[in-house]
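According to TrEMBL, the feature compositional bias 'Polar residues' maps to 1-14. According to TrEMBL, the feature region 'Disordered' maps to 1-25. Annotation source TrEMBL lists domain 'Zn(2)-C6 fungal-type' at 29-62.
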Amino acid sequence: MSPNGQYIFHQTWTPKDFPNGKPPPRKRSCTYCQSRHYACDKEERHPDRCGNCQAAGENCVYPTR
């Protein structure tokens, strides 16, 4: 809330706010992490499966667009 008692809403981003004119790409989560609302870390840690799938013994599959 702002000092005058008004609520501050989320800022609207415009293309000029980003260096190349486009927002950065969103990270994708595998289907297992999406279904459990977990943070998927495949790109950061593991070459073949994310840490959550590896710990649960699940196949790490990414949805197609």
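Cβ atoms here come from the backbone N, Cα and C positions, even for glycine.
Averaged across the domain 'Zn(2)-C6 fungal-type' (29-62), the predicted model reaches a pLDDT of 87. Per-class residue totals from DSSP over the domain 'Zn(2)-C6 fungal-type' (29-62), listed helix then strand then coil: 16 helix, 0 strand, 18 coil.
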